[in-house]
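> According to TrEMBL, the protein has these features:
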- 36-56: transmembrane segment (TRANSMEM)
- 76-94: transmembrane segment (TRANSMEM)
- 101-121: transmembrane segment (TRANSMEM)
- 127-146: transmembrane segment (TRANSMEM)
- 166-189: transmembrane segment (TRANSMEM)
- 209-228: transmembrane segment (TRANSMEM)
- 237-249: compositional bias 'Polar residues' (COMPBIAS)
- 237-275: region 'Disordered' (REGION)
- 301-322: transmembrane segment (TRANSMEM)
- 342-365: transmembrane segment (TRANSMEM)
- 377-396: transmembrane segment (TRANSMEM)
- 416-442: transmembrane segment (TRANSMEM)
- 454-472: transmembrane segment (TRANSMEM)
- 478-497: transmembrane segment (TRANSMEM)
């Protein structure tokens, strides 16, 4: 129950109560930041495994295909496409699953699907690969939606940017660590005999060492998520305004332990200003699914769907297509003496540095960068990514995304320095998009965080899936063209959606809280 007269409880003056509440919020924020750190560490280990394997999956499976072991050429791209197709479909059931299991056990369930997928590379089988890819898609939908809910449970509008950036920096730092791990393995493990193309392949013992480690890391990350604190009492208090304009604090809780019902306003402006919540019976899974679909159809979310979709195309490119392109460029070894496998690991390292640096700047230094505004940060990230697309187009061979090639880029001989700079800019810009989208969803959809993140991941995974499907047949210039068009469309959508947010905040203030007791008056 929200008490509008809480400032005068037990005869305490308004200013003393307000000071005590600020003190309590500060202490609570420290505790919630620790929760976010633990969440980020759990994701660090799970995605240390997943993102690292994403860099090498196509190269690994193509190596097996050359030996006639279990898979066919481009099954890596097909596997990734299946993951994101499953991810897309299962986003619609992610929120009900989280309501059923609770946010912590939903994270644990999802983490186990990542371990099951990684274990399949210890005994490569095409049908297990595709089946576990489908299961992983379900796990991905649940883990990212639950992550968004847990961040919202532990954030206020003031801490949303810091917590989003902190989580992103921790979870994406794994790429650099994964790149270092791959670099050490490729340096220490012997290459397959035969020289030439075989020398740039990845041997079976190396694959088993790598994926055995990845499986163990996935299990470790899942254990850390299982130990996450989820209070059944109030978590961070979110300062709000009631209908009559007085202050109150709305507690954000795990939907599995608190009965809530969303009060939807027919005026979309009211929806745009925040969330309405009524304490009632636990909403059914069908009601949660219906709420997700309704949220998807609101005007602001329609505009947000454009940057959501662009981040899906971008993710497919930086996480797999770009590293595969670098690894398939044989001129790096012929002219500069660098084995493409080692360059693949170096690319992972610089991309991880780019992701973590961006998360650090716009997360941990949020109090100093917040005045820039989300639109400027996203625009800056878009400009960096546009530069990276241009570098890839000029520097790398056109057919390198599809096969190993001795072709030159437009700038004649491909440059390792430009390839690494392009990878850094690509990932830094991607983190700009994601941290600001996370912060916006946490701040503006605190009660419907599960539904908001489900919508985000639906559109993101839909386009990521499409990108991996067309990646099996198009060359690098087409990738660059699609990315550039998507970037401009996504940027326009983000700018329009943020403009609606500001206008709605001015018109309607903060979150509106209602209770059964107020409704009965």
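Please read every residue number as a count from 1 along the shown chain.
Heads up, the Cβ atoms here are built off N, Cα and C, so glycines get one too.
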> Give residue numbers and ranges for long-range contacts of the transmembrane segment (454-472): same chain, 6 or more residues beyond its ends, CB-CB under 8 A.
74, 77-78, 80-81, 83-85, 87-88, 91-92, 94-95, 137, 140-141, 144-145, 148, 292, 295-296, 301, 304-305, 308-313, 315-317, 320-321, 401-402, 437, 441, 479, 482, 486
> Mind checking which residues reach the transmembrane segment (478-497)? Cβ under 8 Å, same chain, six or more beyond either end.
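300-301, 303-307, 309-311, 313-314, 317, 321, 375, 378-379, 382, 385-386, 389-390, 392-393, 401, 433, 436-437, 440, 463, 467, 471.
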> Below 8 angstroms Cβ to Cβ, which residues of this chain, lying six or more residues outside the transmembrane segment (127-146), approach it?
46, 61, 71, 75, 78-80, 82-91, 93-95, 97-98, 103, 106-107, 109-114, 116-117, 120, 450, 453-454, 457, 461
> Same chain, outside the transmembrane segment (301-322) by at least 6, Cβ under 8 Å from its Cβ: which residues?
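Cβ under 8 Å, 6 or more out: 51, 54-55, 57-58, 76-77, 80, 84, 295, 347, 351, 378, 385, 392, 401, 422-423, 426-427, 429-430, 433-434, 437, 440, 452, 455-456, 458-468, 471, 479, 482-483, 486-487, 489-494, 496-497, 500.
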> Which listed stretch (209-228, 342-365, 377-396) has the most C-beta pairs under 8 A with the transmembrane segment (36-56)?
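Answer is 209-228, with the largest number of Cβ pairs below 8 Å.
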